[in-house]
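Noted in Swiss-Prot for the protein shown:
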type	residues	note
BINDING	Arg27, Glu89, Arg128, Lys462	(6S)-5-formyl-5,6,7,8-tetrahydrofolate binding site
BINDING	234-239, 253-259, 278-281	GTP binding site
BINDING	Asn234, Thr253, Val255, Thr258	K(+) binding site
BINDING	Ser238, Thr259	Mg(2+) binding site
DOMAIN	224-383	domain 'TrmE-type G'
Amino acid sequence: MPTTVTEFDTITAISTPPGEGAISIVRLSGDDSLAIIKRVYRGKDLDKVASHTINYGHIIDPKTDAVVDEVMVSVMRAPKTFTREDVIEINCHGGIVATNRILQLLMSYGARMAEPGEFTKRAFLNGRIDLTQAESVMDLIRAKTDRAMQVAVDQLDGSLTHLIKNLRQEILEVLAQVEVNIDYPEYDTDEMTTRILLEKAELVKGRIGELLQTAQQGKVLREGLATAIVGRPNVGKSSLLNHLLHEDKAIVTDVAGTTRDVLEEYVNVRGVPLKLVDTAGIHDTEDKVEKIGVERSRAAITKADLILLVLNQSEPLTIEDRELITATTDKKRIIILNKTDLPNQLDLDELQTLVRADEVIQTSILTSEGVTDLEAQIAKLFFGGIENSQSTVMITNARQIGLLNQAQQSLDEVISGIAAGMPVDLVQIDMTNCWDKLGEITGDSAPDELITELFSQFCLGK
């Protein structure tokens with residue numbers, strides 16, 4: 001990967017969300033950044049100001065000398081910038097007209113509209129960050145919980161980079177030793193070379209395995225946990241959704257069948273980002289609209305990572321309750337016995353024959369009784385108490401998981417090849433493949449098409 005790139009043109013983009021707001025930021029990056037901003041800026045001589053300073057002034061239209069906006073201009077000179085290029089950031093008043101007018105002026109004097117993710121891509125190509133750090137930028141932007149934010153910040157600081165580079169160094173050292181032993185066989189025996197390869201393959205495989213064990217938790221932090229709230233009509237599903245959200249998103253009445261569709265909301269439960277789905281009550285109905293809602297509810301159960309199955313403790317179990325218990329047996333689930341504020345009519349002995357005791361939480365959504373226990377159970381079920389852990393090195397996306405699996409497969413080939421008595425130079429190929437796959441994670445050996453695809457997923461101006 002190059003450590004510096006100088007052939008880029010100068011790019012610009014609005015880095016803040018569109019629409020009305022207190023402040024908008026327009027960003028420039030490239031060799032001509034200072035020259036371009038000087039054409040449209042009236043204030044201090046920016047050639048003479050110190051780097052990493054903010055300067056008051058006005059953006060003007062040079063053709064008419066009309067003031068476009070009152071601004072603060074940040075000047076950041078290469079190489080100590082995010083892109084390792086000269087960077088200018090214009091803080092102007094929020095809004096669509098002024099912000100876009102400034103953008104158009106910059107483009108009219110030589111800047112090009114940046115592609116999505118191009119600022120971060122330049123940071124990567126100029127050696128400022130690697131691919132794991134680039135991905136963590138997007139993870140940080142999209143983080144829905146403090147835990148997800150902390151994992152992203154640690155990866156941006158290089159926690160995963162450091163770990164992967166150490167693994168690659170372990171492999172590189174053994175490959176170098178094998179090369180020496182192959183070139184100078186008089187100083188080595190086949191047994192010694194294969195022993196070195198085997199020990200290193202098993203060591204690196206173990207460390208990759210430890211990383212892969214974090215994949216599910218990392219995926220949950222990054223994408224959210226698809227959680228379906230299910231149950232027959234009027235057992236308290238929508239009340240539970242509203243309680244977790246702390247706002248009234250679902251209609252709550254004592255009329256069965258009020259929720260006729262699937263409602264989705266994100267909520268942070270003790271560091272676990274839940275993508276909550278409040279489903280229509282599952283029951284037999286002749287209403288065409290309700291039937292559609294029921295079918296969508298069944299589909300939501302199939303797709304869900306976690307099921308919150310709500311039962312009404314103030315009524316005996318029904319056929320529909322039993323069907324839902326059976327339908328969710330193979331899913332991660334929590335059985336919520338709601339309405340504990342009312343006299344119990346549910347046969348708990350029968351329930352114990354249908355579900356495990358550790359799946360059951362008793363609640364009254366109306367009085368908030370048991371909701372804290374429910375939240376604790378969700379955190380325990382998926383993070384096993386690690387939500388307070390200081391260790392934040394996690395695999396957070398499918399690309400990283402896939403490459404680690406491929407690297408591990410190459411190590412399996414090394415181990416099986418040695419066991420089968422294969423020549424060292426053939427076994428060495430699989431070890432090199434592992435080294436390459438780990439390099440793709442950080443971008444040291446990633447193909448150009450992958451890099452282009454990855455950065456195209458970023459937002460404009462980042």
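Glycine too: its Cβ is placed from the backbone N, Cα and C atoms.
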Candidates Arg27, Glu89, Arg128, Lys462 (binding-site residues) - the one closest to Lys237 (GTP binding site) by CA: Lys462
Residue among binding-site residues Arg27, Glu89, Arg128, Lys462 with Cα closest to the Cα of Asn234 (GTP binding site): Lys462
Sparsest-packed of the listed binding-site residues (Arg27, Lys237) - C-beta count within 10 angstroms: Arg27
Euclidean distance between Cα atoms of Lys462 ((6S)-5-formyl-5,6,7,8-tetrahydrofolate binding site) and Ser238 (Mg(2+) binding site), Å: 38
Site extent for (6S)-5-formyl-5,6,7,8-tetrahydrofolate (largest Cα pair distance over Arg27, Glu89, Arg128, Lys462, Å): 19
Least surrounded among the binding-site residues, given as Asn234, Ser238, when other CB atoms within 10 Å are counted: Asn234
Secondary structure at Arg27 ((6S)-5-formyl-5,6,7,8-tetrahydrofolate binding site), reduced by DSSP to three states: strand
Which same-chain residues, if any, lie at least 6 apart from Arg128 ((6S)-5-formyl-5,6,7,8-tetrahydrofolate binding site) yet have Cβ under 8 Å of it: Phe82, Thr83, Arg84
